[in-house]
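Visitor: So that we are looking at the same thing, I have put the structure below in structure tokens.
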Amino acid sequence: MDFSEKLSMKEEKSSHSCDICHKTFSLKGNLTHHKLIHRKRPHYCDTCGKSFSQMHLLTTHQRIHTEEKPYECHICAKSFAVKNSLIKHIDIHTGEKPYHCDICSKSFLRKHSLVVHKHVHTGEKPHACDICGKSFSRVHHLITHKNFHIGERPYRCNICGQSFILKSHLNGHKRTHTGEKPYHCDICGKSFSQTNGLTSHIRIHTGEKPFQCNTCGESFSERGNLAKHKYLHTGEKSYHCDICGKSFFQKVHLNSHLRIHTGERPYPCKICDKSFSNRSTLTVHKRVHTGEKPYHCNHHHHHHHRLTSAFHASICDKSFSVRSALTTHECIVTEHVEGDTTIEGVIFEFESAAGDEVSFTRS
């Protein structure tokens, strides 16, 4: 049998085509089985070929391609492709949580959230990673975890190009560009760009600390703070600087530290164009423009506290009115005069919240 005959036979085997969606099969039996899908799902999408059992499901599906979102929230004007998504969204504004845990009485907006929450009590982790075997109580935690294995960040911001593992992270990120803060605290009126920011904030009012350390029993209002706390027990500093060898508990702290070596300042002020190496320094700097002073003294004679120098340096006779100023001072002295027995005449420099290189001389 020559090549042309083999090719002809191969083409004949693959010549069984579906007259509805035009998908081809090598065996007639596979085509027959495939057509049963169309009998059960007679409504198919002209764009991607996906089939549906009912016309309204096809109509909803096609909005993925058209990006049509006909259901708008009358409170915040956010739009949705599916009516049920709007109904669930409105619960965020009303605060209604109809699903209650019969073990701890905690309430949830959605039934699925209650089901997932119960895994906290049972310890069940039904979603296992097929790469390393690690298990998770929530499927989206597994998806996030697997993306760390493969390095995939499929959701990309069309404004700045930053990529994300989860679509929800991209949606939250986009609000940093738009300034949108649709989630409001009913107690104090403060607004947030993401629901988890509002959830964490509300715990300030309620005093709730749901994340407990299983070593010492100390509780925290945020999961991230618990993770940081656990390093105190383990003493583990897994992230090391290749340039100077300094170690850190968390990767984010290493990334921040590396900017000392690179000089990178990725956080610019939109008002005066000064840039900063850390987001927190930018946040403090913005108060120079806004005049905001969020920290208030509860005592009447606050000027007295400013004049009090309660924190004394162990390496010289200098005193400070706030502990953070003492810490900064000691770090600067240690870095600049390490190995020297005197600090007279040394000029110290550091970056202030105003964005200037502040210097002072001790004599």
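Keep in mind that glycine also has a Cβ here, set from the backbone N, Cα and C atoms.
Keep in mind that this is a model prediction, so the values were computed, not measured.
The following feature annotations were taken from TrEMBL:
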type   : residues : note
DOMAIN : 16-43    : domain 'C2H2-type'
DOMAIN : 43-70    : domain 'C2H2-type'
DOMAIN : 71-98    : domain 'C2H2-type'
DOMAIN : 99-126   : domain 'C2H2-type'
DOMAIN : 127-154  : domain 'C2H2-type'
DOMAIN : 155-182  : domain 'C2H2-type'
DOMAIN : 183-210  : domain 'C2H2-type'
DOMAIN : 211-238  : domain 'C2H2-type'
DOMAIN : 239-266  : domain 'C2H2-type'
DOMAIN : 267-294  : domain 'C2H2-type'
Visitor: Determine which residues of the chain contact the domain 'C2H2-type' (99-126) at the Cβ level, with the cut-off under 8 Å and only residues 6 or more beyond its ends counted.
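Guide: Tertiary neighbours of the domain 'C2H2-type' (99-126) are 88, 91-92, 135-138.
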Visitor: Can you name the far-off residues of the same chain, 6+ from the ends of the domain 'C2H2-type' (155-182), with a Cβ under 8 Å from a Cβ of it?
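Guide: For the domain 'C2H2-type' (155-182), the nonlocal Cβ contacts are 76, 78, 140, 143-144, 147-148, 191-194.
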Visitor: At a C-beta cut-off of under 8 Å, are there same-chain residues at least 6 beyond the domain 'C2H2-type' (211-238) that contact it? List them, or none.
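Guide: Distant Cβ neighbours of the domain 'C2H2-type' (211-238) are 200, 203-204, 247-250.
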Visitor: Going along the chain, which residues at least six beyond the ends of the domain 'C2H2-type' (183-210) come within the CB cut-off of under 8 Å?
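Guide: Distant contacts of the domain 'C2H2-type' (183-210): 92, 95, 172, 175-176, 219-222.
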Visitor: Go through the chain and flag residues at least 6 beyond the ends of the domain 'C2H2-type' (71-98) whose CB is under 8 A from any CB in it; none is fine as an answer.
Guide: 60, 63-64, 107-110, 182-183, 186, 195
